[in-house]
Amino acid sequence: MLVLGLESSCDDCSAAVIRETPEGPKLLSMARKSQDEIHGPYGGVVPELAAREHLLQLRGVIADALAKADLPLKAMDRIAVTRGPGLVGCLLTTFSASKAMAWREGIPWVGVHHLLGHLNAARFGAPDLPFPALALLVSGGHTHLYLARDWTSLELLQKTRDDAAGEAFDKTARMLNLGYPGGPIVDTCARKAAKAAAPFTPPKFRDGKASWSFSGLKTAVRLRIGQEPGLDAAGAEDPRVGALCRSLQETVASWLLKPVPGWREETGARSLVVSGGVACNSELRAQAQALAAKLGIVLAVPEPRFCTDNGAMIAAAGAVLAPSDEPLSLNADANLPLGA
Ligand code: ATP
Ligand code: FE
């Protein structure tokens, strides 16, 4: 089965063609347009600009993916598109286009929950993943731990109370004037650092509920920057900046993984998936590997190009979901609940 996957829930416009085989999905092509240059000056995604840019990019990105796969649109057996959650203007662009293409060519169509896409990114490297799986999905908008009983279901175990983990990276880079998006820059600085600055203190929750919080970490980073005159203008090569970045990512990685052994015990999970943009982080990948080895569970961390938002993960999820009977009556949903 050939699947065209489309994703434009935030600032990346991406299309991919996969072939679904009994051995799992094979990527035939992927095209992607980033908007980092457009949003960089604002230090974050401007929704209206992102949606307009998707409108301009969409046709080219889809044409590019089909051309690279050397296949016409009508060869597709299915079109899969992100239905939500995300920025509604951004979602609507590919959502509407995908429905029109499917209707015109008579191709079965499926709307995909963005987080099921992030989970299914793991199918490329681990098609035989043993379930149940713990799925740690971490990005600029999500910091959620789920129990997945198969590739099509996610049950929430815990999530952040406030900011997503990706936000801590993006805001740190912004406070240090290192550029945008912050995650990859902080990661590079941290890897070059000879040593880490002091670790950050984890938050304590009075209600004892399993969750994370990253907004205090942002404040703690700001206070540390304030304590060292000139640090915010020192640049990526300054060893103090490197030490701070290293300490930040060591902290974030250890906080994210801390609840995993407890949930593993409670759920009997046999594997751990770490996906979403923050799963590109070198320290998180290393710590996840060490933890999975210690717990004796299978680890699936997708290749970085499948971790950040991309069309391939949507195609991979679209291949295991049932196509919709009435695509034309469905709409994109900025707050799409799981299971909708
Ligand atoms: P979602 O709707 O799932 O929240 P998103 O718009 O945040 O999607 P993703 O591509 O899934 O998009 O994730 C982007 C986030 O990942 C950004 O916050 C970015 O800084 C972060 N990120 C990317 N690479 C790294 C890295 N190497 N280390 C840490 N964070 C990273
Ligand atoms: Fe995402």
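Cβ atoms here come from the backbone N, Cα and C positions, even for glycine.
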Of the candidates Asn120, Asn281, Asn310, the one that TrEMBL places in the substrate site of Leu137, Val138, Ser139, Gly140, Gly141, Asp170, Gly183, Asp187: Asn281
Sorted by sequence, non-His114, His118, Asp309 residues with Cβ within 8 Å of centre, Fe cation: Glu7, Ser9, Thr82, Leu115, Gly117, Ala121, Ser139, Gly276, Asn310, Met313, Ile314
Chain-internal residues, separated by at least six, CB under 8 A from Gly183 (substrate binding site): Gly140, Gly166, Phe169, Asp170, Ala173, Gly277, Val278, Cys280, Asn281
Cβ neighbour count within 10 Å of His118 (Fe cation binding site): 33
Local Cβ density at Ser139 (substrate binding site) - other Cβ atoms counted within 10 Å: 25
All-chain count of other Cβ atoms within 10 Å of Asn281 (substrate binding site): 27
Annotated binding-site residues Leu137, Gly183, Asn281, Asp309, filtered by Cβ under 6 Å to ligand 2: Asp309
